[in-house]
Structure formats: C-alpha cells, structure tokens
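Pasting in a structure now, in structure tokens, and then I'll have a few things to ask.
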Amino acid sequence: MADAWDIKSLKTKRNTLREKLEKRKKERIEILSDIQEDLTNPKKELVEADLEVQKEVLQALSSCSLALPIVSTQVVEKIAGSSLEMVNFILGKLANQGAIVIRNVTIGTEAGCEIISVQPKELKEILEDTNDTCQQKEEEAKRKLEVDDVDQPQEKTIKLESTVARKESTSLDAPDDIMMLLSMPSTREKQSKQVGEEILELLTKPTAKERSVAEKFKSHGGAQVMEFCSHGTKVECLKAQQATAEMAAKKKQERRDEKELRPDVDAGENVTGKVPKTESAAEDGEIIAEVINNCEAESQESTDGSDTCSSETTDKCTKLHFKKIIQAHTDESLGDCSFLNTCFHMATCKYVHYEVDTLPHINTNKPTDVKTKLSLKRSVDSSCTLYPPQWIQCDLRFLDMTVLGKFAVVMADPPWDIHMELPYGTMSDDEMRALGVPALQDDGLIFLWVTGRAMELGRDCLKLWGYERVDELIWVKTNQLQRIIRTGRTGHWLNHGKEHCLVGMKGNPTNLNRGLDCDVIVAEVRATSHKPDEIYGIIERLSPGTRKIELFGRPHNIQPNWITLGNQLDGIRLVDPELITQFQKRYPDGNCMSPASANAASINGIQK
C-alpha cells in the first residue's frame with residue numbers, strides 16, 4: 001500500500017509542476033503578445049493612412065479635370081494630410097501595376113516624379129479594390145467595437161479573441177507583402193522603362209521647325225498692347241478707387257465697433273446668468289472661448305482686408321484711359337455721341353466725343369535687347385520670296401486677271417448694290433457674277449465679305465466661281481469706348497452690329513495651319529467699309545508665306561506680300577519681275593481703267 005501512495009504523490013507533484021510550467025508559459029506569451037500589440041499598432045495606423053491616401057490619390061488621378069503632365073508635389077497639395085514620400089510610394093506602386101506612366105524628376109531639392117499618362121480602366125479597378133478593402137476594415141472595426149461593448153466576465157475569451165485577431169491581421173498582411181514583392185519591377189523592366197521614358201521625352205520636345213514657326217508668329221519687339229480700363233476716363237477710375245477705399249474703411253470701422261461691444265455683452269451675460277458648476281458650465285466656457293477665437297480671427301481678417309484695400313487704392317491704374325473732347329459747342333448734359341469717333345459731323349456735334357488719353361511717362365525709346373533684335377531679323381521661309389506691298393489701279397470689271405498668275409488666298413470686299421447711301425460706287429449682281437475670279441486660283445481659299453441681302457448673292461457667286469463654302473467669319477463691331485454698337489448705320493429692321501465673311505475652298509490646298517484662330521473678330525469700327533486689320537493676321541497664320549491678292553482694295557488695305565486691286569488706289573506699283581513682264585505685255589500703256597484700253601491691249605497682243 002505504501003508503494004501505491006508514493007506513486008500517487010509523485011503523480012500529483014508532476015501534475016503540479018506541469019501546471020506551474022504551463023502557467024509560466026502563458027504569462028510569457030501574454031507579455032510577448034502585449035509587446036507585439038504595442039509594436040504593431042503604429043504599423044496598422046500607417047497601413048490605414050496609406051490606404052486612405054491611396055484612395056484620395058486614385059480619385060484625384062481619375063478625375064476628368066486632371067491636366068497632364070502633373071508633378072507629385074501638386075498631387076500632395078490636392079490631398080490633405082499626406083506627405084511627399086507617401087505619395088511617391090503610391091505613385092510608384094501604381095506605375096508598377098501599369099495604371100500610370102511616371103518619370104523621375106527633381107523638384108527643388110527633393111526627389112519626386114512626374115505623371116505623364118494615365119490608364120483610366122486600370123485606375124478604376126484599383127480604386128474599386130481599395131474601396132472594398134476600406135469597407136472590410138471598417139466592418140472589422142465595427143465588430144470589434146460591438147464585442148468590446150458587451151461585458152465579458154471571462155478574461156480568457158478576450159485573450160483568445162485578441163490572439164485570433166492578431167493571427168488574422170498577420171495572415172492578411174502576409175499576402176500583401178508577397179504581392180508587393182511580386183509587383184516590384186525587375187532590372188530588365190526598369191531598363192526598358194527608362195528607355196521608353198527617354199524616347200517619350202525626345203518625342204515631346206519641339207522640333208526646330210515647330211520652334212521656328214512659333215518664333216515666326218511672335219510680335220516684333222514683344223507685345224505692345226495695352227488693356228482698356230473698364231471705367232473709361234481717369235476721373236471715373238479715381239472715383240471708383242475712392243469708393244472702394246471708403247467701403248473698406250467703413251467695413252473696418254464696423255468690425256472694430258463689433259469687437260468693442262462683444263466683451264461687454266459677454267460680461268453682462270456672465271453676471272446675470274447664474275449657471276451651476278456642472279457640465280453645462282463647461283459647455284458655456286467652450287462656447288465663450290470659441291466666440292473669442294472668432295473675434296480674433298475676424299479682427300485679423302479685417303486688418304488684412306484693410307491692408308489689401310489700401311494697397312489696391314494707392315496703386316495707380318496702368319490701363320489705357322480715354323479723355324473727353326470738350327469744345328465750345330459741346331453740351332455735356334446730352335451725354336455721349338452714339339457714333340463717337342465715326343461721327344460725320346464732329347465739328348458741329350453737341351454730344352461728347354472722346355480721344356485716347358496718352359501716358360506721358362511711357363518711354364517709347366527703350367533699348368531693344370538681344371532677343372528683340374534677333375526677332376526683327378527673322379524671315380518666314382527661305383524657299384518662298386516675300387515682296388513689299390504691290391497694287392494696281394484698275395477697274396476689276398475689265399481687268400484680265402490671267403496676267404496676275406495663281407494665288408493661295410483671295411480676299412474681296414465687293415461694293416454690293418445695297419439700298420444705302422455710300423461714299424463709293426456699287427456694282428450690279430450680274431457684274432459681280434461675271435468677274436474673272438476663277439482665273440486667280442486652282443487650289444486655294446477665298447474670303448468674301450458680305451452684308452445684308454448680299455449674303456445669299458455671295459453664296460451664289462462662290463458656287464458660280466467654283467468654290468465650296470467651308471466656313472464663315474463674323475466681325476462683331478465695337479465703338480471707340482470698346483462697347484458693342486447699338487445704333488449702327490446699317491439694317492432695315494434691326495441695327496446691324498456685325499458683318500459676315502464667307503470662306504470658300506477650291507480644289508485641295510496644301511500647307512494650311514488648321515485650328516489656330518477663332519471664327520469671331522471683335523474689333524473697333526473705323527471709316528466706312530474699313531474692315532478690321534485682324535483678318536490679315538488670321539489669313540497669314542492660316543497660309544503663311546504664300547501669294548495673296550485682295551480685290552476692291554483701297555489705300556489703307558495695302559499689305560506686305562499682298563497684291564491689292566481697286567479703282568481708288570494711287571497708280572501702279574509692282575515689284576515681282578515676272579508679274580511686271582506679264583503686265584507690260586498685256587497693258588503696254590499701263591491703263592486698265594476702261595474697257596477700250598483692255599480691248600486695245602488684246603488687239604495688240606493678237607497682232608504681235
């Protein structure tokens with residue numbers, strides 16, 4: 001029996017020792033688990049922050065208003081609570097997945113990247129995946145909160161749940177790490193990507209021809225255009241500045257008065273309102289603190305606003321102003337003349353007229369720098385020869401236009417027979433149709449100015465001359481004060497404030513620069529039938545360095561590289577040697593103003 005009891009006591013001792021060892025193991029595991037939780041918590045926060053930032057980055061890249069290329073610093077500015085390193089890491093991850101194409105650049109002193117192109121479909125898929133992961137994490141957090149709210153008497157269940165959650169988190173993090181390693185590009189992929197980026201950089205650089213074309217259309221000597229002031233005269237501009245200064249000072253004074261009154265009101269409320277020392281008192285204290293902070297912010301804003309207003313009002317207006325022309329017979333109470341500088345009776349008109357108020361402090365004799373000197377020396381094309389203005393005084397009804405050769409662009413402002421008194425003669429519809437315009441072009445463009453009832457006649461003439469109407473320009477007329485004309489001299493039922501220019505095409509013209517200009521010209525009205533000078537710039541940009549001719553031109557229409565024809569020009573001036581020889585053969589006496597001279601020239605040509 002003694003042996004049996006000894007065996008039993010040994011077994012109990014062993015069991016107690018095993019229990020003690022198990023308890024010690026559990027204590028060690030618990031201590032280690034607490035340490036691991038403390039270490040893993042910041043990592044989880046970083047992962048969650050990365051997911052949120054990645055979601056915002058994907059939303060910013062998939063937006064329709066994104067302008068490419070864009071630098072990573074600009075993406076950081078759009079996303080609150082993000083750093084440049086985090087955004088660069090996310091962009092590199094997206095580039096490895098093939099959603100975007102980036103290029104490494106240096107932004108100031110920091111290294112960054114530039115987004116060149118975006119794949120919308122892949123970005124959409126990645127955004128959906130990130131949204132799903134965010135939703136899963138939110139659901140897990142809700143479940144944990146629900147579990148924490150329930151009172152659990154046993155500590156073992158809490159420890160088991162924490163261990164399970166740790167295992168799940170580690171099991172979730174493990175495949176992410178594996179996917180990260182798999183998505184990392186290899187050295188071969190990096191080399192091929194670098195080669196592709198270098199090729200793309202070479203392709204995006206402008207060529208020498210593109211740079212020369214851009215240099216060609218720059219203004220000689222830089223931009224010399226001044227903006228008109230919206231207030232009109234200098235007096236009105238100063239009045240407006242004083243009014244804004246007074247308003248700013250008034251607002252500043254009102255804010256100061258409110259700031260002085262608010263402390264008294266708050267003190268009175270504290271004396272009369274006896275609040276017990278409870279949570280409500282703390283809330284009132286918080287509200288009072290917020291009110292004081294708001295007052296300080298408003299006072300700071302008012303000081304800033306007053307400084308800006310004072311700086312704005314003290315600055316002089318650098319825009320262009322007008323000056324009233326006050327004569328002995330002018331009556332200012334009548335107001336402005338509706339025709340302004342186009343008034344035919346300015347010497348006796350009692351209404352107010354204007355002239356540009358020149359600025360005496362502007363130095364017109366500025367030394368030209370090297371860039372402007374180089375821009376003045378540039379030419380258009382070595383292959384084409386440019387000539388100074390050329391013109392022929394002639395009657396277009398009788399001129400033999402085959403002598404002139406072929407042109408790339410034709411512009412015509414015909415004297416249409418409209419029901420209106422004009423300072424020049426007009427042509428009938430049949431005479432317009434019989435003009436020799438088809439001989440001027442085989443392939444090219446025509447710009448035909450039309451007005452009133454001549455719009456339909458102009459379309460008929462284009463068809464008859466062999467053109468197809470492809471576009472239309474509109475000239476919106478403004479007066480001297482840069483306002484839209486409301487009392488025009490044309491129009492039977494409504495005052496016309498615009499004119500139309502039909503654009504026709506013949507054949508298949510080449511070397512046209514499409515899409516450079518708009519089809520609307522907003523320009524000031526000058527003399528009768530004086531078209532805006534902007535049309536010449538539009539035509540030159542559309543077809544640079546080519547032969548151009550203008551029909552029914554006047555002395556103010558002569559332009560370099562243009563031949564102008566009209567009966568109001570001063571004689572004949574030709575520079576092109578080929579054109580001179582052809583014209584002298586056809587018109588030896590140089591007279592092409594009458595049908596008799598044209599017939600005599602044709603008879604002489606037949607006899608020779």
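Quick reminder: no glycine exception, Cβ is built from N, Cα and C everywhere.
Not my notes, these are from Swiss-Prot:
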{"type": "BINDING", "residues": "ASP395, LEU396, ASP413, LYS531, ARG554, PRO555, HIS556, ASN557, ASN567, GLN568", "note": "S-adenosyl-L-methionine binding site"}
{"type": "COMPBIAS", "residues": "250-265", "note": "compositional bias 'Basic and acidic residues'"}
{"type": "REGION", "residues": "250-272", "note": "region 'Disordered'"}
{"type": "REGION", "residues": "414-428", "note": "region 'Gate loop 1'"}
{"type": "REGION", "residues": "480-497", "note": "region 'Interphase loop'"}
{"type": "REGION", "residues": "483-496", "note": "region 'Positively charged region required for RNA-binding'"}
{"type": "REGION", "residues": "525-533", "note": "region 'Gate loop 2'"}
{"type": "SITE", "residues": "GLU456", "note": "site 'Interaction with Mettl14'"}
{"type": "SITE", "residues": "ARG459", "note": "site 'Interaction with Mettl14'"}
Rounded to a whole number, what is the top Cα to Cα distance in Å among the residues the record ties to S-adenosyl-L-methionine, namely ASP395, LEU396, ASP413, LYS531, ARG554, PRO555, HIS556, ASN557, ASN567, GLN568?
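Overall maximum Cα spacing for these binding residues reaches 21 Å.
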Rank the recorded positions ASP395, ASP413, GLU456 by how many other Cβ atoms lie within 10 Å of each Cβ and give me the one with the fewest.
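Result for the recorded positions ASP395, ASP413, GLU456: minimum number of other Cβ atoms within 10 Å at GLU456.
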Helix, strand or coil at ASN567 (S-adenosyl-L-methionine binding site), per DSSP?
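For ASN567 (S-adenosyl-L-methionine binding site) - judged by DSSP and reduced to three states - the answer is coil.
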Per DSSP, what is the residue count of the region 'Gate loop 2' (525-533) in each of helix, strand and coil?
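Residue counts for the region 'Gate loop 2' (525-533) by secondary structure: 0 helix, 0 strand, 9 coil.
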Fill in the CA-CA distance, ASP413 (S-adenosyl-L-methionine binding site) to ARG459 (site 'Interaction with Mettl14'), as an integer in Å.
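Just about 14 Å between their Cα atoms.
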Rank the recorded positions ARG459, ARG554, HIS556 by how many other Cβ atoms lie within 10 Å of each Cβ and give me the one with the fewest.
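Sparsest of the recorded positions ARG459, ARG554, HIS556 by Cβ contacts within 10 Å: HIS556.
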For ASN567 (S-adenosyl-L-methionine binding site), what is the tally of other C-beta atoms lying within 10 angstroms of its C-beta?
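Counting Cβ neighbours of ASN567 (S-adenosyl-L-methionine binding site) within 10 Å gives 18.
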What's the CA-CA gap between HIS556 (S-adenosyl-L-methionine binding site) and GLU456 (site 'Interaction with Mettl14') in angstrom, rounded?
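With distance taken Cα to Cα, GLU456 (site 'Interaction with Mettl14') is 28 Å from HIS556 (S-adenosyl-L-methionine binding site).
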